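J.: Below you'll find the structure I mean.
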Amino acid sequence: MASLAASLAKVGSSTLISRILGFTRDLILARLFGADAATDAFFVAFRIPNFMRRLFAEGAFSMAFVPVLNEYRQQRGFTALKGFVDDMAGTLGAGLAFITLLGVLGAPVLVLVFAPGFAPDAGQRELTVEMLRITFPYLLFISLTALAGGILNTYERFGVPALTPVILNISLIGCAIWLAPHLEQPIVALALGVLIAGIAQLAVQLPFLRQLGLLPRPRFNARDPGVRRVIRTMGPAIFGVSVAQISLLLDTLLASLLATGSISWLYYSDRLMEFPLGILAVALGTVILPRLSQRHADKDPADFSATLDWALRWVLLLGLPAAIGLLVLSGPLMATLFHSSEFDAHDVVMASHSLMAYAPGIVGFMAIKVLAPGYYARHDTRAPVRIAAIALAVDIGVSLALMYPLGHAGLAIGTTVAATVNAGLLLQGLMRSRILWPRPEWPALLFKGALASLVMGLTLILGTGTTADWIAMDNWTRIAHLFVWILAGGMLYAIALLALGIRPAHLKPDSGSNA
């Protein structure tokens with residue numbers, strides 16, 4: 001069996017490639033389309049199916065499907081496993097085809113619900129409806145892609161599923177550069193790029209399923225016991241693992257009531273926040289879910305706890321500096337990556353405000369990706385749903401209280417507070433149930449990680465200057481300065497950790513984790 005560290009490296013490196021391409025994509029979009037009513041319309045049309053993607057590809061479906069698939073693999077034999085995969089593919093495909101049809105037909109209602117502030121007289125609402133009808137079928141294809149990825153991940157073929165997001169970025173970049181100039185509404189090219197990517201992401205995984213002998217022959221069978229268990233678990237899991245995404249969707253809804261550009265500012269700051277989340281948190285969640293499911297099936301609580309503890313050490317020692325770095329470098333990052341004639345100085349400042357508000361929540365967002373599998377691997381859906389409901393209520397309350405005094409940044413603060421509450425309650429529940437018992441050195445590890453992050457943050461504050469200074473620089477000067485400061489901050493953090501006695505061994509799995 002592949003080691004946790006090797007699997008994490010494989011998934012993390014694949015995700016890094018995708019995130020770099022994602023930044024390239026966002027840089028191109030910002031420079032070609034800026035932050036206006038049309039881009040706000042696209043981001044709403046994209047966020048609704050993309051929200052579904054995060055639920056399925058990185059959330060509820062995997063949490064429900066992988067433990068059942070693992071059980072079939074370990075206990076039922078290949079014939080039963082193949083039958084379950086065929087039934088699951090057919091039932092999932094039929095259900096999502098129906099939902100997709102409803103989404104396409106009901107696009108005007110969805111836009112009215114998720115962007116009530118869009119004015120119909122300016123054509124923004126109609127443009128959003130047109131693009132949503134193009135992007136909504138992405139849900140069908142990406143959900144089937146998640147099914148394929150869950151099978152490959154269970155067999156520890158992590159590389160291909162981790163690379164599929166690259167296809168979305170390539171498709172959007174290509175459509176923005178080569179298709180948009182030929183359309184009456186150039187922004188519609190991006191919606192077409194989303195649909196093309198969904199089809200390609202599914203197609204690229206099919207040959208690898210064939211190699212395993214698990215290429216589905218879809219058949220609708222909602223009575224299959226395994227399918228029924230997945231559906232029964234997935235309902236609560238959708239809510240339980242997706243509060244962060246529901247919060248971001250809520251931000252979009254409320255931001256449509258604020259100044260023009262608010263949705264775009266939140267989108268670009270969310271994209272920067274997603275960089276460390278995507279590289280580490282999603283990779284950790286992907287790697288540990290099959291391992292936790294196996295350990296639960298093997299009745300090995302010690303290794304179950306050790307696996308969670310190992311993942312949380314990564315969250316702490318990489319999540320803290322990422323949060324501090326994004327908080328301090330919010331202005332320089334926005335100016336360097338997105339400032340242009342279309343994305344002007346005002347846009348840079350506004351987007352940096354929401355990034356500063358999102359940044360403190362990174363540790364919470366990361367921890368949720370690690371802690372939630374600790375419940376779903378044991379088929380426990382009630383506790384995460386209860387906790388998610390509390391977190392969502394907190395988010396709504398904070399966002400409504402702050403959206404008018406602080407604008408779009410107030411919405412980001414609500415998301416951050418909700419993520420922190422969610423992670424804290426998930427951790428408390430696992431520890432109270434004695435499912436997770438942290439190693440004795442955790443208090444010292446927490447103190448030293450926080451101190452090293454603080455040293456790094458203070459140095460960056462003193463050295464990097466103001467956002468206005470960065471806006472005044474030319475592009476290449478900004479790039480060079482940002483590279484130097486990120487490198488210096490990372491090196492300083494590493495040196496501080498070493499000086500405080502933290503070694504690479506602190507990030508190695510315990511021997512029980514099969515490293």
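The chain as shown is numbered from 1 upward.
In case you wondered, yes, glycine gets a Cβ from its N, Cα and C as well.
OK, TrEMBL features for this one:
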TRANSMEM  92-115  transmembrane segment
TRANSMEM  135-155  transmembrane segment
TRANSMEM  162-181  transmembrane segment
TRANSMEM  187-209  transmembrane segment
TRANSMEM  230-255  transmembrane segment
TRANSMEM  275-293  transmembrane segment
TRANSMEM  314-335  transmembrane segment
TRANSMEM  355-376  transmembrane segment
TRANSMEM  383-404  transmembrane segment
TRANSMEM  410-430  transmembrane segment
TRANSMEM  442-462  transmembrane segment
TRANSMEM  482-502  transmembrane segment
J.: Compare 92-115, 135-155, 162-181, 314-335, 383-404 by their Cβ pairs under 8 Å to the transmembrane segment (275-293) and return the stretch that comes out on top.
T.: 314-335
J.: Are the transmembrane segment (442-462) and the transmembrane segment (383-404) close, by which I mean at least 3 Cβ pairs under 8 Å that are 6+ residues apart in sequence?
T.: no
J.: Would you kindly list the residues that approach the transmembrane segment (162-181) from elsewhere in its chain, counting only those six or more residues past its ends and only Cβ-Cβ distances under 8 Å?
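T.: Same-chain contacts beyond the flanks: 10-11, 14-15, 17-18, 21-22, 24-25, 28-29, 32-33, 145, 149, 187, 189-190, 192-194, 196-198, 200-201, 204-205, 283, 286.
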J.: Out of 92-115, 187-209, 383-404, 410-430, which stretch has the largest tally of CB pairs under 8 angstroms to the transmembrane segment (355-376)?
T.: 410-430
J.: Using a Cβ cut-off under 8 Å, which residues of the same chain at least 6 positions beyond either end of the transmembrane segment (482-502) come close to it?
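T.: Long-range Cβ neighbours of the transmembrane segment (482-502): 317, 321, 325, 329, 332-333, 336, 445, 448-449, 451-453, 455-456, 459-460, 463-464.
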J.: Same chain only, please: residues at least 6 beyond the ends of the transmembrane segment (383-404) with a C-beta under 8 Å from a C-beta of the stretch. Say none if there are none.
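T.: Same-chain residues near the transmembrane segment (383-404) but 6 or more away: 236-237, 239-243, 246-247, 250-251, 254, 257-258, 372, 375-376, 410-411, 413-415, 417-419, 421-422, 425-426, 429.
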